[in-house]
Amino acid sequence: MTTVRTRIAPSPTGDPHVGTAYIALFNYCFAKQHGGEFILRIEDTDQLRSTRESEQQIFDALRWMGIEWSEGPDVGGPHGPYRQSERGDIYQKYAQQLVELGHAFPCFCTAEELDEMRAEQQAKGETPRYDGRALLLSKEEVQRRLDAGEPHVIRMKVPTEGVCVVPDMLRGEVEIPWDRMDMQVLMKTDGLPTYFLANVVDDHLMGITHVLRGEEWLPSAPKLILLYEYFGWDKPQLCYMPLLRNPDKSKLSKRKNPTSVTFYERMGFMPEAMLNYLGRMGWSMPDEREKFSLQEMVDNFDLSRVSLGGPIFDIEKLSWLNGQWLRDLPVEEFASRLKTWALNPDYMMKIAPHVQGRVETFSQVAPLAGFFFAGGVTPDVKLFEHKKLSPEQVRQVMQLILWKLESLRQWEKDRIMGCIQAVVEHLKLKLRDAMPLMFAAITGQANSVSVTDAMEILGPDLTRFRLRQALDLLGGVSKKENKEWEKLLGSIA
């Protein structure tokens, strides 16, 4: 009997996302319920954004939640390497195989040519897609350009008529027309694969039998299925999980909800409660009880109990459930966990240098730096009263800074200050006009340690969370303001 093997393959391009943890949990439970193996693979082919720091955060976040893997970059295994950036020769081999079989082809189009192609198609009211012009090149022309070292990508051929039947474990057979599919790039000019080729090759070579992934990938499933057919490989069983949603039913995003697992750890949530809550995202226990452990979920796991309606990720409900877990702890364990959370040595060492020179007794630390250990803060609304700026301008400055911070890839003090300065300069203000607002929103106080130091230590999700809280305290942002300010954001360097 074939051993069930599932996997999670996150990209290390930022803080570990709750959506990644959600999909990891369901893959883990499915594998363990069937006596199988759960694998961790790292999709780090985006060399500009991928970092080893983010990779380690993924490891730490999943382990904090109690999800372990039997094979992966940090534990090894018989199917390594488990980082896609270390498997380049493997992808090159299989891409070339597709070319030789006539299922893929080199494309020499420049970015300018592709932009022009899309513009012409849009002008005609057509869906922008690659028009296949490289297929018209003769073999001799292709070889000449390859020999000359001309930059190129490898694209896959796709049918132009008919439908692809996608067998989904949740929805049954889903029909998707082939004319919706583009001639997907498989290998980029830098010699690294795109998601589609790497996914299929890795899943096959690693013996993955079942793939549970987010439903946002369902529309592109025909490309994956076609690649399996081109290679002549058996495809794994596919399951497209419903996406997590904000309370307003929009797709879960950091603009409306904190999305980092690290944020919830820092906020003092219990990992058991986090797993429990994610387990209730579109799934339920046979007896419908709300509180259950990871092992109880594994023991009772059945994909037929997954609901296709978009599950709502609601922090208030998560907080309620976390309270149930906290109150059920023996008091000794409650005290022990509180100590571990509040007096984390690594976190304390980040804070201490910014506090030590500002106090004369230890008792002065809490009033000065207590905000480092809180989830949110409750600043007095009077702290946002400004001699120079109107209430609307105050909210505009804070909202624009929040948006700029959302685009920050590297969370460092100098880059944080760069975002603040960019907004201030564009609005023709001075730094001293904005910094008191940041102090109030982030620390809840008029003065404290350097606010940019504090933001760096608190991290991106907690910083953004407090800015959103402050904006809500000031009445929020109207739809009209949101639209106008987003246009303004586009012109800020």
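Going from the start of the chain as shown, residues are counted 1 onward.
Placed from the backbone N, Cα and C atoms, the Cβ positions cover glycine too.
What Swiss-Prot records for this protein:
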| type | residues | note |
| --- | --- | --- |
| MOTIF | 10-20 | motif ''HIGH' region' |
| MOTIF | 251-255 | motif ''KMSKS' region' |
| BINDING | Lys254 | ATP binding site |
Could you tally the C-beta atoms, other than its own, that fall within 10 angstroms of the C-beta of the residue listed as 'ATP binding site'? 17
Secondary structure of the motif ''HIGH' region' (10-20) by DSSP, residue by residue, totals 3 helix, 1 strand, 7 coil
Lying 6 or more residues past either end of the motif ''KMSKS' region' (251-255) yet within Cβ distance under 8 Å of it, the residues of that chain are 18-19, 243-245, 313, 406, 461, 464
How many of the residues that make up the motif ''KMSKS' region' (251-255) does DSSP mark as helix, as strand and as coil? 0 helix, 1 strand, 4 coil
Do you know the mean pLDDT across the motif ''KMSKS' region' (251-255)? 80
